Every structure is written in structure tokens, then in C-alpha cells.
Amino acid sequence: MYGMTSAISDALPTDIDIQLTKSLDDALSREKVITTDEDLSQRLEVLSMLNNLAKEWIREVSMERNLPEITAENVGGLVCTFGSYRLGVYHKGADIDAIVIVPRHITRADYFATFYNKLKENPNINNVRAVEEAFVPVIKMIIQGIEIDMLFARLALKEVHEDTDLQQDDLLRNLNPKCVRSLNGCRVTDSILRLVPNRESFKKTLIAIKLWAKRHRVYSNALGYLGGVSWAMLVARVCQLYPNAAPATLIHKFFLIFSKWQWPQPVLLKPSYFMDLGYPVWDPRVNMADRNHVMPIITPVYPQQNSTFNVSHSTLAIIQDEFKTSLDIMGEILTGESSWSKLFQPSKFFTKYRYFLAITVFANCDEELLEWRGLVESRLRFLPTSLEEIECVQRSHLNPDQFVLPYEKSQGRPSSVWFVGLEISKSNGTVVQLDFSTHIRDFCLLVKSRAHTIFKAGMDIQVNHLKRKDLKDYVPDELKKEKAIPNTVGSKIIARLSTEGRHCISELVEESQKSPTSRKRSVEDCIDDNIIKKNLLSNEEKMFVLGSVESHTSPSSENKSDNLVNTLLSTEKENNSLSTENETKENINIVKESLMPPEARHSTVEPEDTLTSPVSNKCCADNENDENDQKKLRLLHPTVA
């Protein structure tokens, strides 16, 4: 048995599953995320060079410590990889996570002094920078165009050999907590590979999920979304529940399970265990701070930690929305209505909201911009959380992608810019006054208070409020790409009602001839019944999935679980402002539109301000243009720099 429970299904792949997996392979090849032999050779060459540099540095420091030459030659030292490279899911352009493991006579001060200087002096290594004050201290560099993040760990051993087993918990005894956190990367990666029943299926599924997460803008641990190790653990849990499934099936089960998961119920790959070594572990029964984690995904080795402690209620809601949308798309792929390219197409952001904040950082040169941008990025997740404290801000959506300002805006200075999309509640005809100045000023002060060690003249940060029409001066290419993404209205319903549901659509149209009240109830009942049939887990599956962890549920999550069906309804039953007849006509139109051929549906391009689009900004009233918005929404805060 793998994981916390026995498998939900041991079924072998069917011919259809194998065929879908082959089409998935073709789609991933077109996306160029499959590793090539040339890229592998380049990475092996880079790692070999780093390993030689590290061992040479350890020998030099050992000689300075007055160790005999023979001893200095044999103290060893080790460079290990972890993350995407160790898991085998990297692609061209991806970075490499590595760690230098040294014997006890080498110190962290040596690492950030002599080894740092050795890297800086090497002509083959560029953009070397140290982040010594980070939660996990790191030296960053670029070798042959590949970004390297190198950590440091000092073991309480005289010698560190190539065959040292890092999975032994006793190695952590009497270590510095920073070294324990650094070693956790290797230990977690190796443990994940040992806990999955089929490594090849796991790797292929993880490659697809990581590509999906990046395209749907939910891939960034620093900005409050999920990082690579968190996505790997979610995929590993699905592989444990379906040990013999093909990658195409695993992707569908991934979205099915985690779109229903009752957070903050934690995800674990194996039962927790205790070691009396004195390091803090994730345990909400003991640690009050752990009870505030909204999406806990727990690492499988001691000391167990939550890999998603940066996730907020806002980013969790965004991730859940993407899960549900992608589950609908998977339904279309399984029924042959859509291809895998639809799952991997970028999600809409700039055409989804009407109001934005642009956070721009400047520096004098590219090397200084790297340091300054990294510091701002580490604090950026606090700004959306602060903005949502404003009563009329329903959602503050941070886009994790970085953009470069056009030359006219930056005036030739090196720059990077992030965008925050704002969803504002309906004004109901009254003037809404928004004053962001206090929140933005506090954020800028927070960043600058952390920048005392790296701040240099020319480094600057600016926050500007924008309307959608202003974005053409900032990201014109992104706007064009998003407008070219076709509409998919109606395809979700046809996917959910495929097979036995198709006869139900005709029944809906027939029922539309009845009275307004009966028409509304019939449409809602039939659609909801089919959605529930298609999307709800069976009681047995629910028991496996939700019972796979120790019970720890907040009162808010208990209230949500009381009526899980309500989270699946696609109609907005609480909207009492529209008449019953208008609601019925809208539902019938959606159903009729779903019967259109795919060519007709996908050929239409969504206009920028279409309010009936599923991705349009719901904070704006119907048929409301930008001029009317300006009358009803007043942005008071000035540009804060």
C-alpha cells in the first residue's frame, strides 16, 4: 500500500486511456517541455563543473584549518541536486536546485565568503549573488544560460562521502536549523520518488500539471501560490490513489479530487512520525500558527513542514477556481470535444478585470535589478492581502508573471513590473471611493525596510493604478494574445451532459414552454442533477480521499462541507434582482448555444469588455462602459513611489 490509505482503484489503463496518453505526449512535445539529450548533456556538464569547484574549495579550506594534506584530500564533500531536476521533470530553460554538503570543519561563513569569491572569479559563471538573510540562505548564479540556486549544509561528520545516505534522520542531530531546512530539499525529493507506485507515470503527469500551473498563473511559492515541490506532492498523492492509471487518467483524477478537497484538510503522502531531535514540526494541535494555514501540503520526511505556508485565502480561491475550470476542460477532452492544447492555453487575466495596480521596480543595471527584484518579489504577496481589507474589494488577484516595461515607459532603465487585478463590488448606482494610498505606502515601507543591506542609488519602486484601457501602454502583446483566446460558452455544459445528458437538453427546451416558475425550476434541477452525477465523488471515494488525513477542520470548512452540492451549482440562485423569466431565458440560451458545433463556438473571439463572458469582471453592471465606470468609481490614491 502506498500513502495514507489503500488505492481507490487498481484498474489497468483501457485502450482509450492509452490513446489519450499518446495524444498527451504529442501535446507536451509541441510545448517543448520534454527533456532532450542535448539539454541533459549540458546540465551534466554544468553540475560536473560545480562539483569539482566545491571539492577544490573544501580541500583549500581544510588546508587552511591545518589539516594534513592526506586528510584534506579525503574529507570529501558532496554536491546534490533536488527539485525538478532530481525528479526528472525539468525542461529547457528550467533552473537547477543544488546543495553543497560539507564536513563539520567547514562553516557557513566560509561558504558565503571564500566559496562566493571563488564563484565570482570564475569567468564561466555570471550574475553571482548571495542571499544570506533568506529563510533558506542561497547563492544564485547563471552558468551556460542555466540558473543555479545552490544551498549549503554542514553535517556533524568528519568526512562526507559520495554514498552518504541523506534519508537517515540521525544525520540531522545537532545541526543548525538552516542546514536542516537546506537538507530538506534533497530528503523530500527522494522520499516523493520512493512513495509513488509508478515513477514514469508520475513524471509525465507532473510535467503536464506544472505546465498547466504556469499557464494558468498559479505557479509561484514566493507570491502565495504553489511551488514545484507542492505540485509534486499533490500529483504523488493522486498516483497513490490510482497506482495503475495512465497519465491522462491521473490528470483527470487530479482535478477531480482537488477541486473537491475540503481545505484546510492537509494532504499527506505517509503517516507522520516523531523524532526527538528538537526541531519544530507541522502540528496544528500544538502550534497555534499552524492553524492559520489554509492549504496545508505536508512534506513526508522529518521535520514535517507545510510547503504552502505562503498561500492565503485569496490565492486559495484563485487556485480552486482554476481546478474547477480545468475539470470542465478535462471533461471535454475525455469526450473528444476538445484537445489537450485547450488545457494548456493561458488563462485570462488582463481581459478579466477592469482595474489594476502596476508594481514597477527600477535599477541602474541588470545585476542590481536582479537583487532588487528578488527582494520586492519576496514581499509582494502581502500587498493583495492588505488590499482585500478594503470593504468593496472582493478580490485582489496577483499575476505571478513578470513583465518588462516598454522603452517609452522605462526611459531605458532596467525594469520589471507585476500586475494586480482588482474585482470591485457593485456600486448600485452610488459613488464608490477607493483610497489605496495607505496600503500602498505601508507596502513600500515594508520593502525598503528590508532593503538596507542591498539598497543602492537608482533602485526605486512605483505603484500605479490603471484601467484596462491603459494596459495597451504596458503589455500590448499580452492583450492581443488574450483577445485571441476563443470563447468557450456552452462547452462546459455539453461536456457535463455528454452521453446520458444529451437527451436531457431536449427535455429542457420542451420544458421551457411551460410557466416561468416551472421553466426555471426544471432547467436548474436538470442541470444541477447532471452536474452532481458527473462531479461528485462517490461515498466510497470521498471516504478514501477526505479520510486519508487526521481530522483537522476549521469551523468555516465544516460549514462548507455541510452542503457540498451548493458549490457545484453553475447558476447564481442568489441573484434576486433579475426576474424569473429573464433567468430562464438566459439558461435556455446557454443550453441551446452548447448544441452549436465546436467550429461555431470556437471561432468567436471574445471582445475586451464582454460582460457575459465567463471570465469577464463580475463587479461591473450589465452594459456598463468605461465612461459609466468612471462616474461610479473614484480612485483617490495618487502614484506612490
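Note that the numbers count up from 1, one per residue, in the order the chain is shown.
The backbone N, Cα and C atoms fix where each Cβ goes, and this holds for glycine too.
Copied over from TrEMBL, here are the features:
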type: DOMAIN; residues: 3-196; note: domain 'Poly(A) polymerase nucleotidyltransferase'
type: BINDING; residues: F82, G83, S84, D95, I96, D97, D149, K210, Y219, G228, V229; note: ATP binding site
type: BINDING; residues: D95, D97; note: Mg(2+) 1 binding site
type: DOMAIN; residues: 201-345; note: domain 'Poly(A) polymerase central'
type: DOMAIN; residues: 348-409; note: domain 'Poly(A) polymerase RNA-binding'
type: DOMAIN; residues: 416-482; note: domain 'Poly(A) polymerase RNA-binding'
type: REGION; residues: 594-629; note: region 'Disordered'
- Message: Give the mean pLDDT for the domain 'Poly(A) polymerase RNA-binding' (348-409) on the 0 to 100 scale.
- Response: 92
- Query: If one measures from the C-alpha of F82 (ATP binding site) to the C-alpha of D97 (Mg(2+) 1 binding site), what distance in angstrom results, rounded to a whole number?
  - Reply: 6
- Contact count check, CB pairs under 8 angstroms to the domain 'Poly(A) polymerase RNA-binding' (416-482), set 3-196, 201-345, 348-409; argmax is 348-409
- Message: What are the sequence-distant neighbours of V229 (ATP binding site), meaning same chain, six or more residues apart, C-beta distance under 8 angstroms?
- Response: G83, G185, V188, T189, I192, T299, S307
- Message: List every residue in the same chain as D149 (ATP binding site), at least 6 positions away in sequence, whose Cβ is under 8 Å from its Cβ.
- Response: D95, I96, D97, A98, V138, I139, K140
- Task: Please compare the binding-site residues D95, D97 by how many other CB atoms fall within 10 Å of each one's CB, and tell me which has the fewest.
- Result: D95
- Counting Cβ neighbours within 10 Å across all chains shown, tell me which of the binding-site residues F82, S84 comes out on top. F82
- Item | Same-chain residues at least 6 apart in sequence whose Cβ lies under 8 Å from Y219 (ATP binding site) | K210, A213, Y225, L226, G227, G228, W231, P400
- Summarise the domain 'Poly(A) polymerase RNA-binding' (348-409) by DSSP state, stating how many residues are helix, strand and coil. 23 helix, 15 strand, 24 coil
- Largest C-alpha distance in Å for the ATP site residues F82, G83, S84, D95, I96, D97, D149, K210, Y219, G228, V229, as a whole number, is 19
- Item | Summary of DSSP states over the domain 'Poly(A) polymerase RNA-binding' (416-482), given as helix, strand and coil counts | 26 helix, 20 strand, 21 coil
- Per DSSP, the domain 'Poly(A) polymerase central' (201-345) contains 72 helix, 6 strand, 67 coil
